[in-house]
Amino acid sequence: MENKAMYLHATVSDRDSSSIFEEPFDGRSLSKLNLCEDGPCHKGRAGGCCTQLGSLSALKHAVLGLYLLVFLILVGIFILAVSRPRSSPDDLKALTRNVNRLNESFRDLQLRLLQAPLQGELSEQVWKAHDALQNQSDSLLALAGAVQRLEGALWGLQAQAAQSEQAVVLLRERAAQQSDAAQLELYQLQVDSNRSQLLLRRHAGLLDGLARRVGALSDELADVGGALRGLNLSLSYDVALQGTRLRDLRVLVSNASEDARRLRLAHRGLELQLKQELAVLNGVTEDLRLKDWEHSIALRNITLAKGPPGPKGDPGDAGKEGEPGIPGLPGLRGLPGERGTPGLPGPKGDEGKLGATGPMGMRGFKGDRGPKGEKGEKGDRTVDASGVEAVMVRLVNGSGLHQGRVEVYHERRWGTVCDDGWDKKDGDVVCRMLGFPGAEDVHRTAQFGQGTGRIWMDDVACKGTEESIFRCSFSKWGVTNCGHAEDAGVTCKRH
């Protein structure tokens, strides 16, 4: 009995020192509480061996060992439940029910042992305890299986927890990467924002400068507008002044044309008078030639001989005061003065209306024919016009009448001819005017000396068939660009 009890105690002690996860609980070992199983009195339960082994102390030790074992199991279960995360709720509930059932069974067993009599039906109580322990061993086996399943579930939960931790680590790394990327993007956004602010400030400065320039330009435009208005006023005044001067010039030109017409009429009268005098002179000359041919030849030789210069004559009387000349043209406009301060703009004047152009006057009616005049007296012998024109041309400073510097008579004074375009055709016309058959040679560049006074003719272009040099084409009377160093001359052919 004591040996069996010691064996049971040792078994319980070994199970206490070992882990319930290393060696599962075997409830069949409690069957050793059958005290008559190994003894010599195994076959008879009412003998003396059973009575010797029916000690209550062994039963008490067994019950205490069983309580201790159950306590250790409960402690291990609670440690696992506390240390392992998230166990299965169904397994925990089943385990709790089994433990509660086991506790109730042990309590009933303890009460029965304490209330059982010491002498009466001890063997029956032992066998009942044996049966109860047998049943409790089955329950413990089921409880051990549940604990093993719970342990497997805990190991699975642990593996899942490790995977979850790895996933959490990966998530943390990814979160850290995302945080770094977000910080980098935030930094870039800040840099872009700073750049945008700088650009906005720069653009604002440019806009301010542009606004100032526009303001200055508007002021300059206003000044230019004022200057243009002043210039317009001055130009309008100048235009009006020029219009007045033009009207005055028109009046002067009309007066000059009237004077020219009068002079032309007077010139025609003088020309007629001169022709008459020349006719008289020719008649006298012809008479002289007829009366005394020798005297005429002597007289011609005398006229051709150049005598010594006569004494200087007395100064003539002062002529009459001439008419006032035409007012001269206005001088060039002076340089503009310094720019004055712009004055206040005056009120805008009313725009004047353009005057209507006067109607052109009607042509006057043809006058009545005057009465027929009385028959005049018989006139003197006429002279050929070529002879008159011949008197208006002469050759000067030559070795004879056939050569010299060509001079023409115009406006009661003698003048020279420029050698521009002067050729033999021109010389032929001049020589025929003087009674010679033609020109032997023409001369330029004042070969017979420089004349004095006006240069009446320039750019003379004769065809060679004209009767007078005055019928050749030339520039206007007195219009020339030559000097007396270009006076023309001619040498005529003799008979």
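Residue positions begin at 1 at the first shown residue.
Glycine is treated like the rest: Cβ placed from N, Cα and C.
The annotation topological domain 'Cytoplasmic' is assigned in Swiss-Prot to 1-61. Marked as topological domain 'Extracellular' by Swiss-Prot: 83-495. The N-linked glycosylation site annotation in Swiss-Prot covers Asn103, Asn135, Asn194, Asn232, Asn255, Asn301, Asn397 and rests on sequence analysis. Annotation source Swiss-Prot lists region 'Disordered' at 303-382. Annotated domain 'Collagen-like' per Swiss-Prot: 306-357, in sequence order, evidence recorded as sequence analysis. Annotation source Swiss-Prot lists compositional bias 'Basic and acidic residues' at 314-323, 365-382. Swiss-Prot lists 324-342 with the feature compositional bias 'Low complexity'. Feature annotation from Swiss-Prot assigns domain 'SRCR' to 393-493; the stated evidence is sequence analysis. Here Swiss-Prot flags Cys418-Cys482, Cys431-Cys492, Cys462-Cys472 as disulfide bond, drawing on sequence analysis.
Of all the Cβ atoms in the protein chains shown, 10 others lie within 10 Å of the Cβ of Asn232 (N-linked glycosylation site). Non-local neighbourhood of Asn397 (N-linked glycosylation site): Gly404, Arg405, Phe448, Gly449, each in the same chain, at least six residues away, with C-beta under 8 Å from its C-beta.
For Cys482 (disulfide bond), the count of additional Cβ atoms within 10 Å of its Cβ stands at 17 [all protein chains shown].
Residues of the domain 'SRCR' (393-493) grouped by DSSP class, helix first, strand second and coil last, total 16 helix, 33 strand, 52 coil. A gap of 34 Å separates the Cα atoms of Asn232 (N-linked glycosylation site) and Asn255 (N-linked glycosylation site). Fewest Cβ neighbours within 10 Å among the disulfide-bonded residues Cys418, Cys431, Cys472: that distinction goes to Cys472.
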